[in-house]
Amino acid sequence: MESEQLFHRGYYRNSYNSITSASSDEELLDGVGVIMDFQTSEDDNLLDGDTAVGTHYTMTNGGSINSSTHLLDLLDEPIPGVGTYDDFHTIDWVREKCKDRERHRRINSKKKESAWEMTKSLYDAWSGWLVVTLTGLASGALAGLIDIAADWMTDLKEGICLSALWYNHEQCCWGSNETTFEERDKCPQWKTWAELIIGQAEGPGSYIMNYIMYIFWALSFAFLAVSLVKVFAPYACGSGIPEIKTILSGFIIRGYLGKWTLMIKTITLVLAVASGLSLGKEGPLVHVACCCGNIFSYLFPKYSTNEAKKREVLSAASAAGVSVAFGAPIGGVLFSLEEVSYYFPLKTLWRSFFAALVAAFVLRSINPFGNSRLVLFYVEYHTPWYLFELFPFILLGVFGGLWGAFFIRANIAWCRRRKSTKFGKYPVLEVIVVAAITAVIAFPNPYTRLNTSELIKELFTDCGPLESSSLCDYRNDMNASKIVDDIPDRPAGLGVYSAIWQLCLALIFKIIMTVFTFGIKVPSGLFIPSMAIGAIAGRIVGIAVEQLAYFHHDWFIFKEWCEVGADCITPGLYAMVGAAACLGGVTRMTVSLVVIVFELTGGLEYIVPLMAAVMTSKWVGDAFGREGIYEAHIRLNGYPFLDAKEEFTHTTLAADVMRPRRNDPPLAVLTQDNMTVDDIENMINETSYNGFPVIMSKESQRLVGFALRRDLTIAIESARKKQEGIVGSSRVCFAQHTPSLPAESPRPLKLRSILDMSPFTVTDHTPMEIVVDIFRKLGLRQCLVTHNGIVLGIITKKNILEHLEQLKQHVEPLAPPWHYNKKRYPPSYGPDGKPRPRFNNVQLNSIDEEREETEEEVHLLNSTTL
């Protein structure tokens, strides 16, 4: 009788509706605006593994093997589609790993039967290395193509090379014999638009014409980029790293890593960078590399039919993307490990390293920058750093942390406003407006007119005898000895002071425009703009410290190590430290960022200053909020992502989070042998849940297993087509043995093969800290809540995310009272000797009894302390 009441219980923890529905995850994805409407495309099959067949697998619960379930072994033949996932749903990591182990055992058991089976075994063993090799080759080739095309189109805004139209400005003047040292960027072969249109190289008319053409080309590139994204591949916009992190955590977004996204992102990334917008190509290159890895994984059944294995390839692909973006193979591996990967076994580490190596080798072979280096701004410093300089380095770290905190809040606020207002409905207009404002303001300032990578290169470069930049316009002492690699500190000239003012204006411009640019509907990375802001601030600080040391070399902080005529301070080093600090403040990266920067610049000797600045920026940024920019955008877009970096410190229980709740419809369950095909189809049509617990009977309520909605639908449709005698009144049997039926009864349908016999379960008294840890480490989709073996409810990933968000808005006491556990786990009988009231088989105290018990315990506590 008690079980019957449980089945029709009135005390529920919240509605089970829309928890595991087909649209449950879509409800989380409302932040993509008009362009990213998550419609399916031709690339739908590239991330959902629809070709997976029903292989058998072993499910585990709590780390122990409970049962071995052979998918579809009771049906006539395997059914394609069983065991796969719908769009915008989360994969079951445990099931996918079990499927892979069973596949591996099957291959090993057959490899000694024939030479062909041995060949198939070797192919399977080497397929992982083959797919990462192809990914590295494609990533390096595409990165080189993007670099060359972006440089050419950036210079196209200023002029064109008449001798060879495909040459950029620097390449055009390489072979010229008519250039001078002071004006090495001017040659007869290169013509500005003013020279071509009005025939003037100097004067106000020439300046205005070049200004107009600069704006025209910037708007043309921006308009073409956003139009291609809107029409052909909505997923090609943005950085891509927040979505890559979400996909690597097990979420399905079909088409996001497809061929159309790859093609359009490659083209529009060149256009977006060439338009002069305050963005970079490094973040989107990670998305491009992951597209390559996803496409190549479909050449190998080992990865095409297993979503968990496919994500190992994507982790290696993200390492290759950072490798070609910064020329930092080791930094790419660490970036994949620290920042984007959710599951990173040791073999993935090796393959990520190999993919980054191959990608870097291909990029070096292409040599897109013409300097025999992997990156544009490779520098070498010849002056060591001194202990006193740690103080300005730490100040740069503080600036980086403050910039990161400001940018995250400002950018998220603007993106939220874009989503909630009509302005977000016109993405093309937004891109045009931002591009126009950027071009109009950027052209008069030579430092904002430069390509951002060229700007960083100039800021990183140390002043030598061959440098003609305004930043190196120092007053020379003609009596001082000149050493090529060690020029002494000198007083700043008029060019340096002018450059400082221009850099200050460029800093303000970059800060404001980056806030409004990141998130628009074109490919937009954040690495380079953040590094440019830090490099500008660092160069200004470096020049200030250099002049302070020159004019006050007799101060005690300089007297010991900075003599008159010595080269004490390197302003370019401050620019490098500032760039790392600002990037760390925005992304909250630490180890991988330090490695990327010293690989990027070759500054191995300056690891300690980099570490000090990066850690300082992280501490300062964490003081204002622990989320990096990518985590903030994940939360803004509502992606189902459980961040392993967050700590769960609250005292709630599984019963506080599970669904259903009080006054909600009862939990939809299946019985193991009492339902017909029509009953199950009606339940599927009337509900939108992703799965159903299977119980023994309505009287028993004991848990048998868990059946997924998708598997039920596919299995029933296949049985109707391929098995004779299956009708709507056929009994559906999940039990091992079919119950005896009358002779006139239709043929029963056996579906035990699609039943998960060992679903993960927790009791209603399990602390949520443990439940969250289980979801993070095992990648669960859902977890059933039981009490004495009776199913009470279910907890999904979405429920946990909603619970965490609610806890952020309601501050709990720092420490519960000492009698907290006793109140939450009451004895079976109260102080008066009567049984406590029971709901859902969970015992609850009445208010009066709790007050009485609390008073008794407080009195006991006081008497004990006396």
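Cβ from N, Cα, C; glycine included.
Summarising the annotation, TrEMBL assigns transmembrane segment to 126-150 (among others).
If you look at the transmembrane segment (214-236), the same-chain residues 6 or more away from its ends with a CB under 8 A from one of its CBs are 32, 35-37, 39, 41, 153, 156-158, 243, 253, 255-256, 258, 260-261, 263-265, 267-268, 271-272, 274-277, 427-428, 431-432, 434-436, 438-440, 443, 449, 520-523. Among the features that TrEMBL reports, transmembrane segment is placed at 214-236 (among others).
The transmembrane segment annotation in TrEMBL covers 256-277 (among others).
Annotated transmembrane segment per TrEMBL: 284-301 (among others), in sequence order. Nonlocal intrachain contacts for the transmembrane segment (284-301), taken as residues 6+ away from its ends with a CB within less than 8 angstroms of a stretch CB, comprise 46-47, 127, 130-132, 134-135, 138-139, 142-143, 146, 238-241, 243-244, 247, 257-259, 261-262, 265-266, 269, 310, 313-314, 316-318, 320-322, 324-325, 340, 359, 523-525.
According to TrEMBL, the feature transmembrane segment maps to 313-337 (among others).
Under the heading transmembrane segment, TrEMBL lists 386-408 (among others). When Cβ-Cβ distances below 8 Å are used as the criterion, the transmembrane segment (386-408) is approached by residues 511, 514-515, 530, 533-534, 537-538, 541-542, 545, 557-558, 561-562, 568-569, 574, 577-578, 580-588, 609, 612-625, 627-629, 632 of the same chain, each at least six residues removed from its ends.
For 428-447 (among others), the entry in TrEMBL reads transmembrane segment.
The transmembrane segment annotation in TrEMBL covers 499-520 (among others). Taking Cβ pairs closer than 8 Å, the transmembrane segment (499-520) reaches residues 226, 237-239, 277-279, 403, 407, 410-411, 414-415, 418, 427, 430-431, 434, 437-438, 441-442, 445-448, 455, 469-471, 473, 526, 529-530, 532-533, 536-537, 539-540, 543, 629, 633 in its own chain, all 6 or more past its ends.
Annotation comment: TrEMBL describes 532-553 (among others) as transmembrane segment.
Marked as transmembrane segment by TrEMBL: 573-598 (among others). Among residues of the same chain six or more beyond the transmembrane segment (573-598), those with a C-beta under 8 A of the stretch's C-beta atoms are 322, 326, 328, 330-332, 334-335, 337-339, 379, 381, 383, 385, 392-393, 396-397, 399-405, 407-408, 456, 459-460, 462, 526-527, 530-539, 541-542, 545, 604, 606-607, 609-611, 613-618, 620-622, 626-630.
Residues or ranges marked as domain 'CBS' by TrEMBL: 658-722 (among others). Predicted-model confidence for the domain 'CBS' (658-722) is 87, expressed as mean pLDDT.
Annotation comment: TrEMBL describes 755-814 (among others) as domain 'CBS'.
According to TrEMBL, the feature compositional bias 'Acidic residues' maps to 847-856.
Here TrEMBL flags 847-866 as region 'Disordered'.
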Contact check, the transmembrane segment (126-150) vs the transmembrane segment (428-447), 3+ Cβ pairs under 8 Å, seq sep 6+: no
Within-chain partners of the transmembrane segment (532-553) [C-beta distance under 8 Å, separation at least 6 from its ends]: 389, 392, 395-396, 399-400, 403, 447, 452, 455-456, 459-460, 471, 489-492, 496, 500, 503-504, 506-507, 510-511, 514, 559, 562-564, 568-583
Distal contacts, the transmembrane segment (428-447) - CB-CB under 8 A, six or more residues away: 211, 214-215, 218-219, 221-223, 225-227, 230, 275-278, 418, 455, 458, 499, 502-503, 505-506, 509, 513, 516-517, 520-522, 536
Three-state composition of the domain 'CBS' (755-814), taking helix and strand from DSSP: 24 helix, 18 strand, 18 coil
